[in-house]
Amino acid sequence: MIIHGFCTGTRHKHKLRKTFIMLGAGLGLFFSVNQNSFANGENYFKLRADSKLINNNIAQDRLFYTLKTGESVAQLSKSQGISVPVIWSLNKHLYSSESEMMKASPGQQIILPLKKLSAEYSTLPILGTAPVVAAADVAGHTKKMSQDTTKSNTSDDKALNYAAQQAASLGSQLQSRSLNGDYAKDTALSMAGNQASSQMQAWLQHYGTAEVNLQSGNNFDGSSLDFLLPFYDTENMLAFGQVGARYIDSRFTANLGAGQRFFLPENMLGYNVFIDQDFSGNNTRLGIGGEYWRDYFKSSVNGYFRMSGWHESYNKKDYDERPANGFDIRFNGYLPSYPALGGKLMYEQYYGDNVALFNADKLYSNPGAVTVGVNYTPIPLVTMGIDYRHGTGNENDLLYSMQFHYQFDKPWSQQIEPQYVNELRTLSGSRYDLVQRNNNIILDYKKQDILSMNIPHNINGTEHSTHKIQLIVKSKYGLERIVWDDSTLRTQGGQIQHSERKAHNDYQAILPAYVQGGSNVYKVTRRAYDRNGNSSNNVQLTITVLSNGQVVDKVGITNFTADKTSAKADNSDTITYTATVKKNGVAQANVPVSFNIVSGTATLSAKSANTNSSGKATVTLKSDKPGQVVVSAKTAEMTSALNANAVIFVDQTKASITEIKVDKTIATADNKDTIEYTVKVMKGGNPISGQKVTFSKDFGTLNKTEATTDQNGYATVKLSSGTPGKAIVSAKVSEVNTEVKAATVEFFAPLSIDGNKVTVIGTGVTGSLPKNWLQYGQVKLQATGGNGKYTWKSSNTKIASVDNSGVITLNEKGSATITVVSGDNQSATYTINTPDNIIIAVDKINRMAYSEAESRCQAISSNLAQSKSVLENIYSKWGAANKYPYYSSSNSLTAWIKQSTSDSASGVSNTYDLVTTNSLTNVKATDKNAFAVCVK
């Protein structure tokens, strides 16, 4: 039996000691009086259990005999009729050779077969009585008693004799000590406990090996019990069962297994099968293992296979759990020259995405660990060890241990003598050792789908259009908020915002302007958060902006580009155009696309082409005349064609402009914002430096009309304007008389918000924002400039929210900044300052008595209106309350007014209606006549 990790607390220590002593006393009485019930006809069981001369020197039908003066092994062999080979077979682990055993001197120990000596020892006297003088028998032992005397030793006599002995001993101690009654009681109980322990040991030694680990703290968490029971045992084969139970990490786990061990002259091979059951977490696992042992060496391999699937975790919130599949390989070795010193090596590996190999708070994918350790056994009873484990994630454990290895089949003297450590390391000494395996179930975890979100459809729409976003949100604890990252969309003037309902999952997308030649595809991400702070995965929404000529929700061209900007005007060099056709963001195959030359002289390879499996249709263009060409593409469902950027066919024998580009197509008409034009001049396929380029425009102001190319053949100019309008810039070189035109650009007036043109929705009055607010009252801002297509956002929607038309709803007292972005990517802001007061209707459905209304206002750090004039002022600034969506269902919003001293004495008050302006006096305060309308 191995007992390790045993500790006790100081609390209830006295009660625990008494409990164990009383239990021991009862067991002692049971075994002392009923010891003969264990007799089975074998001589061993007939020995007196209270004869310490025998009990301390016998084990498993063997006598551990100490040679006396003048005795030798040869004499014992002759006098007892035991052959020397039989004696040598029992003493191989004590002596290096048979000759060394024969030389054993007085004081040394020899193991003899107990059954051969049963006649001499079955009638030994009880310790404490007068011994019979030995004659011609083993020295130090008694002679046979007479037959009559033997017959008188019945079980009742033995019990009475033992009781008399212990009573005499107790009386002697009481005579020699002046102690209280507790000492007498404890001494008596201790004697009975010792007897129980002795009898229990004699009984348990026939039932295998037990390992106990008790932790008295933390409700015995960490405690375990394992028991190996041989049920068929021969010299060459052992069949056994093993049971175990443990309470670790607040989980109760049981293990049930069976196996066989086959013993060869120098080694052992074995196998075992286990079922592990976690009763707390309802997890089941199968274990299959193999063993190979030799003297001073043990090895084992174990495989672990789950038998239960995913289910809610027993002690890890918001997770599911199941056993992890895995294996381990273990090696234990000891030095034959110094068997007290041993080493350990183990590798373990488990499989799963979130396996808790180390603890439930540290989860790893397919983790593994290597354990190395050393141990020291100074005497068979005690083993001390230190293990170091290193595993996945750079996890490290350093474990110290001390084990107490109590063997029921060995006398106490053998368990505290260093010379007997060697036997533990042999096959015969470890025959009944427990299976080396991991009895704890290693678990694999999976985060529950407590919060998930998805968008079933991406968005495709024309520039500046508004689209409702369909969100599907599943939340275990309720949705708190959704956070969007629409930065890429905002840079072009679009945004994601709440729709008018302002529910947690009610959003809409406002698309930016279409960028000619750009990708016009935006990736927007969002993440949901629940009321417990959990977050969902990032979900991506793809928004595709189409030009006004394209058709949403129909088969249309989303992109039309050329593979190069110029080609030789030799009627051979070609430019390839690719049109991409999609419907709702999905590529469409087998769709006819028609192509047409909008301007210039050139030849298309085909007037139409069908899209391939990727939704792409291609056509080539060639020309034998220098000049600029524009090509368009269209599907049958499109209302207008989509133009590609202009391309240029050049005469390579002359210096020619091969491309003209702009850095942007829109700018602010403030004489500061500029658009940069870049042209490239080449001749014979090489860039030309020092070439003069002449620029012209039909609108705006160029910073210069001539520019010279650099070493790479580039020349640049800039265009600005102080007035809104569209402009086309052209360029030409002296060797080619034809102008090359750039894409059309547009200048927009500077964007601004006039703070003196704030319109109150309920009255239609335009001016500055009133300093006293009606909660959920609305005003409309007016933006001017830009391209006239605006998107709005608020810095703090809890204070003030804004819709896509610039209508602001005042939600709470405070300040916020409203930003408007135009389609040409200009922005302007308007700051809402904290008002002097805000009128809040705490409850617009249920009328209440004056005192209740006053309490409701105080609960939100506000008060009832001090006078009717306060409410009249609100009405004059905001109009009837029911002109706003929040109050639209209210035909009346009668508000209590703060009582005067005389009103309070009379139990009355005044009211004012924010819908009808009806004013009443001397209204009975105890009746539910008005609403709780508060001033904050």
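Just so you know, glycine gets a Cβ as well, placed from its N, Cα and C.
Some features that Swiss-Prot has for this protein:
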DISULFID  Cys857-Cys934  disulfide bond
DOMAIN    63-112  domain 'LysM'
DOMAIN    557-650  domain 'Big-1 1'
DOMAIN    657-748  domain 'Big-1 2'
DOMAIN    780-831  domain 'BIG2'
SIGNAL    1-41  signal peptide
Same-chain residues at least 6 apart in sequence whose Cβ lies under 8 Å from Cys934 (disulfide bond): Ile839, Ile840, Ala841, Val842, Arg856, Cys857, Ile860, Ser862, Asn863, Leu864
Whether the domain 'Big-1 2' (657-748) meets the domain 'LysM' (63-112): three or more C-beta pairs under 8 angstroms: no
Composition by DSSP (helix, strand, coil) of residues within the domain 'LysM' (63-112): 21 helix, 8 strand, 21 coil
Mean predicted confidence [pLDDT] for the domain 'BIG2' (780-831): 88
Coarse DSSP state, helix versus strand versus coil, of Cys857 (disulfide bond): helix
Neighbour tally for Cys857 (disulfide bond), based on other Cβ positions within 10 Å of its Cβ: 22
Cys934 (disulfide bond) in three-state DSSP notation: strand
Residues of the domain 'Big-1 2' (657-748) by DSSP state, where helix covers H, G and I: 0 helix, 56 strand, 36 coil
